[in-house]
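**Student:** Take a look at the following structure, please.
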């Protein structure tokens with residue numbers, strides 16, 4: 001089984017076999033992070049530019065560490081320090097970067113489809129680190145890796161995703177990924193944060209959190225994205241917390257060994273209580289650890305993906 | 001084009017070669033003190049397990065065994081594409097160990113160079129020795145095995161295939177001529 005993709009733009013384009021290969025590769029790379037010398041020469045001589053048009057600490061650090069552990073030269077550009085603030089277009093930024101011959105661009109952008117736009121116009125590989133409310137493929141893959149590691153499989157599991165589905169690229173990528181791997185996905189959130197016709201993606205949808213939690217193997221909490229939604233969609237954080245916050249009481253509705261996940265950063269006391277966030281069932285830091293391994297796998301696989309795609313053509 | 005295949009080692013011959021290599025390892029290292037086997041995935045790891053068993057049969061000592069995947073250390077990512085990465089499993093410290101690196105076929109030497117790089121990144125063994133089931137020649141690097149099952153002169157276009165059964169025990173070695 002070989003990987004034929006030059007870009008990672010979303011989970012939508014990946015097959016179940018692609019996802020399995022990424023997870024298997026990530027498991028092998030995870031061992032590197034446990035060594036005393038946490039570095040292998042795999043991508044020596046490759047240049048990776050992380051360009052983040054939106055604030056991010058976790059994902060950017062994770063991609064940067066992943067690149068460095070593979071011996072690539074990595075550099076970071078954030079929108080506030082780039083020429084974007086001077087009015088440069090995305091295409092001009094991309095063309096200028098291309099002239100410096102990078103091999104991979106890891107991009108986060110506030111607009112859905114921005115990485116696709118770049119991938120169509122430039123010669124380097126593009127890895128989507130989150131685009132608008134569209135997709136966040138590396139987050140979904142690290143979630144899958146964590147679930148597979150803890151549960152042994154993904155197929156047949158019931159996964160409840162609770163919270164701000166409408167603004168969540170994490171939810172969208174996870175729905176694609178979990179469905180492709182044979183899990184049942186339940187979505188729960190207030191009606192104002194459930195996109196219309198989201199059930200077309202193959203998930204069960206409810207506005208009652210307890211229904212979603214009932215017998216779930218995995219509970220994935222989403223952050224209330226205050227910066228995206230404004231004030232109009234929720235009466236108050238307190239009310240949201242009462243109906244859609246995860247606490248030790250409603251967690252009992254899920255299976256006794258259910259995993260509690262959160263893509264971070266958490267709003268403690270809003271979507272998740274501290275008792276649960278620090279409880280025995282949470283795997284939130286496992287998600288962060290697996291994030292580096294998954295991103296190493298993605299950078300490695302796209303580096304060879306182009307050649308394999310050409311060979312098989 | 002038709003491919004002609006010749007069996008150059010059958011199962012009894014492989015068994016004799018592995019038993020001889022096990023004795024040579026013990027003789028050269030004067031026993032089992034600080035000796036550890038590391039097999040190169042895949043093929044080498046199965047042979048390393050066979051050698052560990054033989055050394056245990058001879059000396060009654062179970063020496064440490066590890067497996068090493070060298071995909072992350074290959075120098076041909078650009079031309080070969082991203083090959084599947086297998087597991088590296090070295091659960092013992094390498095410091096002061098006499099490591100016997102085990103592989104099935106020695107050809108250009110690039111795999112062994114990568115394996116040595118990988119070992120050095122993980123720890124600092126006292127020495128590294130090399131055990132090979134089949135040495136087919138055509139070295140591109142100055143690498144010489146310490147223990148050889150069989151020297152097989154080949155042309156570059158020929159292929160050496162080491163066959164393993166379902167229990168990962170070696171069953172035969174064939175040379176395929178195009």
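Backbone N, Cα and C atoms are what each Cβ position is placed from, and that goes for glycine too.
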**Student:** If I go by TrEMBL, which of A:108, A:186, A:238 binds carbamoyl phosphate at the same site as A:58, A:59, A:136, A:139, A:264, A:265?
**Tutor:** A:108
**Student:** Would you identify which of the binding-site residues A:58, A:136 has the most other C-beta atoms lying within 10 angstroms of its C-beta?
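**Tutor:** Counting Cβ neighbours within 10 Å, the top one is A:136.
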**Student:** Which of the binding-site residues listed here (A:86, A:169, A:223) have a Cα atom within 10 Å of the Cα of residue A:264 (carbamoyl phosphate binding site)?
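**Tutor:** Cα filter at 10 Å returns A:223.
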**Student:** Helix, strand or coil at residue A:264 (carbamoyl phosphate binding site), per DSSP?
**Tutor:** coil
**Student:** Which one of the binding-site residues (A:59, A:139) has its C-beta surrounded by the most other C-beta atoms within 10 angstroms?
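**Tutor:** Within the set of binding-site residues, the most crowded position is A:139.
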**Student:** So among A:86, A:169, A:223, all listed as binding-site residues, which is physically nearest to residue A:139 (carbamoyl phosphate binding site)? Use the C-alpha atoms.
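**Tutor:** So, spelling it out, the nearest of the binding-site residues is A:169.
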